[in-house]
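Everything on this sheet refers to the single structure shown next.
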Amino acid sequence: MSAVNDIAIITRRQLLLLTRVPEVLIFSTIQPVMFVLLFRYVFGGSINTGQPGGYVQLLMPGIFVQTVAFTLAGTASGLAEDMKKGLIDRFRSLPISQSALVIGRTLGDSLLNIVVLAVMGIAGYVVGWRPSAGLGNVALGFLFLLLFGYALSWVGVLVGLSASDARVVQNVSFIVTFPLTFLSNAFAPTTGMPRALQYFAEWNPVSTMVAACRELFGLENQFGATAGSFPSEHPLTTSLIYMVVIMVIFIPLSLRKYRNYAD
Amino acid sequence: MKSVIAENLVKTYDKGRVRALDDLSLDVEEGTVLSVLGPNGAGKTTTVRILSTLMRPDSGNAQVAGIDVIKNPEKVREVIGLSGQYAAVDEILTGYDNLVMFGELYHLGKKQSVLRANELLERFSLTEAAKRPIKTYSGGMRRRLDLAASLIVKPKVLFLDEPTTGLDPRGRQEMWGVIQELVKGGVTLLLTTQYLEEADQLADEIAVIDTGKVIARGTSDALKKQVGGERLEVVVEQTHVAKTIEIVAAVSGNKAALDEGLRLISAPVSTGSAALFEVLKALDSAGIHALDVGLKRPSLDDVFLSLTGHAAEEKKVEVAEKKRGRK
Ligand SMILES: Nc1ncnc2c1ncn2[C@@H]1O[C@H](COP(=O)(O)OP(=O)(O)OP(=O)(O)O)[C@@H](O)[C@H]1O
Ligand SMILES: [Mg+2]
C-alpha cells in the first residue's frame with residue numbers, strides 16, 4: 001500500500017522535526033507539567049474535594065484532557081507553517097496519496113501526545129497522583145485521551161488550512177480551546193457555577209472526557225444542577241459519541257479542504 | 001509534439017473580482033524552453049499552478065505530456081517537476097533530509113533515495129551544506145535545493161516559477177548555468193521570469209503576458225523584430241544636432257528622434273551596418289565629429305514597452321502595494 005507508506009514517511013518527518021528542534025518537545029511537555037505543579041500547589045490546598053487522595057486526583061484527568069485538547073492548536077499551527085513555506089505546494093505536486101500529508105500530520109501529533117502524556121503522568125505521580133483503578137482501566141483512560149486528541153487534531157487541520165496566517169491560527173485555536181477547557185469540570189467542580197453554565201459545562205466534551213477519565217481512573221464524579229443528565233450518567237459513552245461525531249464531520253471536511261485548498 | 005498545451009485558461013480570485021488569467025493560451029514544444037515573461041501580477045504563478053495541478057482553472061483546458069491536467073492530475077504529477085516561486089523545502093530539516101524524504105515520497109526506497117540525494121547535492125554544489133538545516137542556507141542555495149527536489153525523478157516537463165528572483169547577480173549566473181545544463185539533458189521547460197535578460201538567455205521561445213493574457217510570443221529575435229528592427233544612434237555636440245538630424249533622417253528614410261538631454265539622435269534602419277557606414281561618411285563630409293555612433297538592437301524592455309504601452313518595471317510598485325494592502 002503506497003498510501004500507508006506515504007503516511008509513514010510524513011509521520012516520520014514530524015518526528016525528525018522533533019529531534020531537530022528539541023525545544024518543541026521540551027516546551028510541549030514543560031507547559032503541562034507546569035500546570036500540574038501550579039494547580040496542585042496553588043488550588044490544591046483550598047479546594048475541598050471530599051475525595052480520598054486530595055485535589056491532585058481530580059486535577060490530573062482535567063490537565064490530561066486540557067493538554068490533549070491543545071493538539072488542535074498544534075496541528076493547526078503546524079499545517080499553517082507548512083503552508084506559509086509553500087511546502088504544501090510541493091507535497092501536492094508529488095505523485096503521492098493526496099491525503100498523506102494531513103493524515104501523517106495528525107498521526108505525528110498523536111505520537112507527540114504519547115510522550116507528553118507519559119511525562120505528565122510521571123510528574124503527577126511525583127506530586128501524589130495515585131489512580132485507584134486497575135492498570136487496564138488506567139490504560140484505557142490514556143487510550144481515550146489519545147483518541148480525543150486525535151479527533152481534535154482533525155479540527156486543527158481544518159483551522160490550519162482555512163486561516164490566512166499562522167498567527168491567526170494560534171489565536172483562533174486558543175479562543176476555541178480555552179473557554180472549552182475552563183467552562184468545564186476540569187479544574188474545579190461545576191457546582192459553583194451559575195446554572196446555565198453548569199448545563200453547558202456538563203455537556204461540554206471536555207467535561208465528559210474529564211468525567212470519563214476520572215471514572216476510568218477510579219474516582220467518583222460529582223454533579224450539581226445537572227445530576228442525572230445523560231452526559232453525567234454516561235460520560236464514557238457521551239465522550240465516545242463526541243469523538244466519533246467530530247471525526248465523521250471533520251475528517252471529510254478537512255480532506256476536501258486540503259484537496260481544493262488552492263481553488 | 002507539444003509537451004505543454006494550455007487553452008483559453010481563465011482563473012479568477014476573490015469571487016471573480018480579480019481576473020488573474022483571462023483566456024490565456026500557450027504551448028511548449030517537446031524538449032524546448034518557453035519563458036513566460038511578465039511583470040508582477042501578470043498571472044505567471046497562476047499559470048504555473050494550474051499546469052502543475054495545484055489549482056483548477058475556472059475554465060479552459062490544459063495538457064502536460066499529453067495528459068489532461070484537470071481530468072488526470074495524478075498522472076500529471078508523475079511526469080512533472082515543480083519549483084515554485086518561493087523555495088518549498090522544510091526549513092528545519094537539512095538539505096540531505098529534505099531530498100531523502102522527497103525521494104522516499106517518490107517511492108524510490110531508502111537506499112535509492114540516499115544515493116539520489118547525494119548525487120543531487122553534489123551536482124548542485126550543496127554537498128558541504130548537506131547536513132545543515134535549510135534555514136542556514138543563502139537564498140541561492142535554497143533555490144538550488146528546491147530545484148534539486150523537483151529533479152529527484154527525472155521529470156519530462158519542468159516548471160520553474162521565477163527561479164532567480166531575489167538572487168544576487170552571482171546566484172543568478174549560477175542558476176542560469178544549472179538550468180542550461182538541464183536543458184541540454186533534454187527536459188521540456190516552462191520558466192517564468194520578470195527579467196527580460198533571463199528570458200533572452202534561456203528560452204527558445206518567449207510568451208509575453210500581461211494582465212492574464214499572452215500579448216506576444218515568438219523567439220527573442222522575432223519579438224525584437226516585431227518592435228521594429230535596429231535603430232541607428234548618434235551622439236554629437238550641441239552645435240551639430242540640427243545638421244545631424246537631417247543626415248540621420250536621410251540615411252534612414254524615416255523621421256529621426258532626438259533625446260535632447262543626451263544629444264542622441266536616432267532613427268530606425270533596415271540596412272544594418274551599411275547604414276552605419278553611410279552615416280559616418282555623411283557626418284565626416286559635413287565636418288561633424290560624432291561622440292558616439294552605434295546600431296542598437298531593441299532590448300526586451302523595448303519589446304515590453306511597445307507591446308503594453310507601459311514599462312515592465314512601472315507596474316511593479318503599484319501591484320506590490322496592492323498585494324501588501326490585501327494581506
Ligand atoms: N490567492 C489570491 N487571491 C486573490 N488574488 C490573487 C491571489 N493570487 C493571485 N492573485 C492576483 O492574481 C493576479 C495574478 O497573480 P499571479 O500570482 O499569478 O501573478 P505573477 O505573475 O506570478 O506575479 P509575481 O511576479 O508577483 O509573482 C494578481 O493580480 C494577484 O494579485
Ligand atoms: Mg508569481
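Don't overthink the numbers, they just go from 1 along the chain as shown.
Every residue gets a Cβ built from N, Cα and C, even glycine.
Curation plays no part in TrEMBL annotations; they are all automatic predictions.
Note that the coordinates shown come from a computational prediction; the quantities given were computed from them, not determined experimentally.
Feature annotations, courtesy of TrEMBL:
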{"type": "TRANSMEM", "residues": "A:21-43", "note": "transmembrane segment"}
{"type": "DOMAIN", "residues": "A:23-261", "note": "domain 'ABC transmembrane type-2'"}
{"type": "TRANSMEM", "residues": "A:55-80", "note": "transmembrane segment"}
{"type": "TRANSMEM", "residues": "A:101-127", "note": "transmembrane segment"}
{"type": "TRANSMEM", "residues": "A:139-161", "note": "transmembrane segment"}
{"type": "TRANSMEM", "residues": "A:168-188", "note": "transmembrane segment"}
{"type": "TRANSMEM", "residues": "A:236-255", "note": "transmembrane segment"}
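For the transmembrane segment (A:55-80), the neighbouring stretch richest in Cβ pairs under 8 Å, chosen from A:21-43, A:168-188, A:236-255, is A:168-188.
Most Cβ pairs within less than 8 Å of the transmembrane segment (A:101-127), among stretches A:21-43, A:168-188, A:236-255, belong to A:21-43.
Residues 39, 43, 47, 59, 61-63, 65-66, 69-70, 72-73, 76-77, 80, 155-156, 159-160, 197, 200-202, 204-207, 210-211, 221 of the same chain lie 6+ residues outside the transmembrane segment (A:168-188) yet bring a C-beta within less than 8 angstroms of a C-beta in it.
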